[in-house]
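Asker: One structure follows; several queries about it will come next.
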Amino acid sequence: AAAGPGGRGGRAPAVVALRLALLLGAALRAARATVYFQEQFLDGASWQKRWMNSEYKPDLGKFKLAAGRFYGDAVRDKGLQTSENSKFYAISSRFKPFSNKGKTLVIQYTVKHEQKIDCGGGYVKIFSSNLDQKNLSGDSHYYIMFGPDICGSETKKVHVILNYKNKPHPVKKPIRCKVDGYTHLYTLIIRPDQTYEVKIDNEMVASGNLEDDLDFLPPRKINDPTVRKPTDWDDRIQIDDPNDIKPEDWDEPEYIMDTSAEQPEDWDDAVNGEWHYPMVKNPLYRGEWKPRQIDNPNYRGVWPHPQIDNPNYSPDFSIYSYENISIIGLDIWQVRAGTIFDNFLITDDEVYAEDFGDETWGETKGPEKEMNIKQTEEEQERERVTEEKYFEQRFKKKLERKKESGNDRAVRNTVKKEEL
């Protein structure tokens, strides 16, 4: 790294030192982290040895290894892609069992809905070691369900569902997922202090306390059942205006008889019953009268019900932890196939997960978008050329028809003259 002629290589030692420091830092982080599961599908068809398709029903959708129509790297961006429309999918991979008790748990992966999905799941599930993988289905007991779910214009959310005492508990906060068709990085962090964090593309989008944001336990405080709201407590914001009096001509019936109608000549009372004038909407009807509203001068606000400690509440400092975590799976339904799952990671180190995301999704997201933009521009150009050719052919045919029409007229005129 010595300086070259003219001293132009003088910065090389600093650059080399920086790179070495970065590599050393990454190595230290990797050594400090425990990686329970990592899958990037970099060895071709060998992924089929590590992943098991469910057989719980015969017509499950098939996964294939693909990078999609557009990508940042043809090899690194290959992942499990759904390949059949309107299908259930169920596949899973097993790893060495572990417990996250006393440790941080990080679940991370990338998902790309390049088909601009209209209705379908993009989430993963974490299971215990006793899962029967060949019978994986929506009824299979899971520990954690995490990831995006899209269906129509209403459902565009990120699921965070944790199992506690054999019952699933979804997070109460709404978390919106990405819907633009590009690859996105989804990360769920569950810490021993019973806090959680959700990140999309390595940016936090939600966080909180598990006990507060999921209904694992009864509330710590409840309303005191021995206390009642005072009878003179007025919590009405507005009241009827006592000075507003109903107009005398207000009460008109909603329907009146149409006395201008006449009995049909063929009306038979024996068959149709006695004829009556038909009822029509009364144009003078004004609806039910209600006095106008005014601010209540005696309003005292919402009565604060005194709270007491809930006798049914008992703290549980282990709601974050699970034993024998051993399987990650995809158990989803998709109307329109094409979603790609890749870069799976389960670890105990948040920094390692962030770095892993930057080194995978982070390095290919830019080229992926560039390729898609280029493809879109090329497709638009092809459509423009095709459209121009179409109208050019129509114009030529129109000219030919006019020419033929003119020749026909000339022939007809010649015949007419000869006949004459």
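Yeah, the Cβs are placed from backbone N, Cα and C, and that goes for glycine too.
Where the annotation comes from TrEMBL, it is an automatic prediction and has not been curated.
In case it's useful when we look at the structure, here is the feature table from TrEMBL:
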type     : residues                               : note
BINDING  : TYR123, LYS125, TYR142, ASP149, ASP331 : alpha-D-glucoside binding site
COMPBIAS : 221-248                                : compositional bias 'Basic and acidic residues'
COMPBIAS : 365-387                                : compositional bias 'Basic and acidic residues'
DISULFID : CYS119-CYS151                          : disulfide bond
REGION   : 221-251                                : region 'Disordered'
REGION   : 358-387                                : region 'Disordered'
REGION   : 401-420                                : region 'Disordered'
SIGNAL   : 1-33                                   : signal peptide
Asker: What same-chain residues lie close to the compositional bias 'Basic and acidic residues' (365-387): Cβ under 8 Å, and 6 or more beyond its ends?
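Answerer: Counting only partners 6 or more residues beyond its ends, the compositional bias 'Basic and acidic residues' (365-387) has Cβ contacts under 8 Å with 69-73, 77, 181-183, 201.
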Asker: For LYS125 (alpha-D-glucoside binding site) and CYS151 (disulfide bond), what Cα-Cα distance in Å is obtained after rounding to a whole number?
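Answerer: So the alpha carbons of LYS125 (alpha-D-glucoside binding site) and CYS151 (disulfide bond) sit roughly 19 Å from each other.
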Asker: Using an 8 Å cut-off from the Cβ centroid of TYR123, LYS125, TYR142, ASP149, ASP331, can you name the remaining same-chain residues around the alpha-D-glucoside site, in sequence order?
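Answerer: Counting only non-site residues, the set is GLY121, VAL124, MET145, PHE146, GLY147, HIS159, ILE161, GLY329, LEU330, ILE332.
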Asker: Just give the helix, strand and coil counts over the compositional bias 'Basic and acidic residues' (365-387), going by DSSP.
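Answerer: Looking at the compositional bias 'Basic and acidic residues' (365-387) with DSSP, the answer is 23 helix, 0 strand, 0 coil.
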Asker: Could you tell me the C-alpha distance between ASP149 (alpha-D-glucoside binding site) and CYS119 (disulfide bond) in angstrom, no decimals?
Answerer: 8
Asker: Which whole number of Å gives the largest C-alpha distance between any two of TYR123, LYS125, TYR142, ASP149, ASP331, the residues noted as binding alpha-D-glucoside?
Answerer: 17
Asker: I'd like to confirm something. Which of the binding-site residues, TYR123, TYR142, ASP331, has a Cα closest to the Cα of CYS151 (disulfide bond)?
Answerer: TYR123
Asker: Could you count the residues of the compositional bias 'Basic and acidic residues' (221-248) that DSSP puts in helix, in strand and in coil?
Answerer: 0 helix, 6 strand, 22 coil
Asker: Determine the minimum-neighbour residue: among TYR123, TYR142, listed as binding-site residues, which Cβ has the fewest other Cβ atoms within 10 angstroms?
Answerer: TYR142
Asker: Would you count the other C-beta atoms found within 10 angstroms of the C-beta of CYS119 (disulfide bond) for me?
Answerer: 14
Asker: Would you pick out, from the recorded positions LYS125, ASP149, CYS151, ASP331, the residue whose Cβ has the largest number of other Cβ atoms within 10 Å?
Answerer: LYS125
